[in-house]
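Chemist: For 1-12, 40-53, the entry in TrEMBL reads compositional bias 'Basic and acidic residues'. Marked as region 'Disordered' by TrEMBL: 1-70. Residues annotated as compositional bias 'Polar residues' in TrEMBL: 17-38, 55-68. Marked as domain 'PX' by TrEMBL: 84-201.
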Amino acid sequence: MDQDSHPERELLEAVSRITTFSTTSPSGKDQNQPQAEMSCQERKENPEKDDLKGSSASLSPNSSMTTKELQEYWRNEKRQCKQVKLVFEIPSTRIVEHHLSKYVMYKIIILQTGSFDSNKSVIERRYSDFEKLHRNLLEEFSEEMEDVTFPKKTLTGNFTEEIINERKLAFKDYLRLLYSMKYVRRSKKFIDFLTRPELQEAYGCLRGGQYTKALEILLEVIGLQARLTRGNPVSIVPTLCAIVVCHRDLENPASAFEYGEKALSHLCMHTSHKYYIPLLETMIALAYELGKDFLSFQEKLEEWKAKKDPIRIFTLKELAVREYIQ
């Protein structure tokens, strides 16, 4: 949908389409609901079809909505489905000498376009990390990757300023190109390249009881992870829950509760997720400690237990320490 179009004209067209729809289709709630729920995902997958489909695919076919309600609904839809675009910069490098090995670390800064991004993400990767990513992507996306070039190794001169600067530019273009390909940027292999080393370090600290260090890393990576997995918010639930665990062990119940609410909001339609019940139990304990209403959490827990057979449920902390174990 063209975001620069005139809202008044779009609104009149939408009202006309909704009226037409309501006279030709059943008005039952159960039949209308799936179309409204699927519209956002459909526009993400097929943005080029928006003009052909019209806004009847994005608006709930409810002719009783007022003009103000339609405008608000439309604003929310656009806000939720607007694609977050990232840019990659490699401003500097450093040479690392460790025992008998020597390699170059490339500093990668990841920013969101469209507005001032105060929460930029900074990571470091070496040539072998890029090489492994390229090899993995070739296995899964051979057709998409056939025209993607990768900086080749050289027998000598790998640590000269000239070669390092050439690779800085090459890797910047490489990441930009990968991100421009929808299936690649959404792939687990690409997302893991940008987030997994930091998450592995964070969970290692958590398992070792270094909650302050683990929390510091998790808070740095969660923003980038959320942007990369915008179409699949459930995937960041383990990280959010690990943050809850760290805050709780650091005796910050208010912060733990805040991140617990964020995690639970992603699981409202995924009650079979392994983190759902442990998170509910943790939220009940945190709400009780903070003097907040815990009855809504308790009701959800009892509702789940009434539907499911009793099974062994790990605590939230037990689940967290099991993540990223090789």
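The backbone N, Cα and C atoms fix where each Cβ goes, glycine too.
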Chemist: Calculate the per-residue pLDDT averaged over the domain 'PX' (84-201) and state the result as an integer.
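Modeler: Mean pLDDT across the domain 'PX' (84-201) comes out at 91.
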Chemist: Counting each residue once, how many in the domain 'PX' (84-201) are helix, strand and coil under DSSP?
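Modeler: Helix (H, G, I), strand (E, B), coil: 52 helix, 31 strand, 35 coil.
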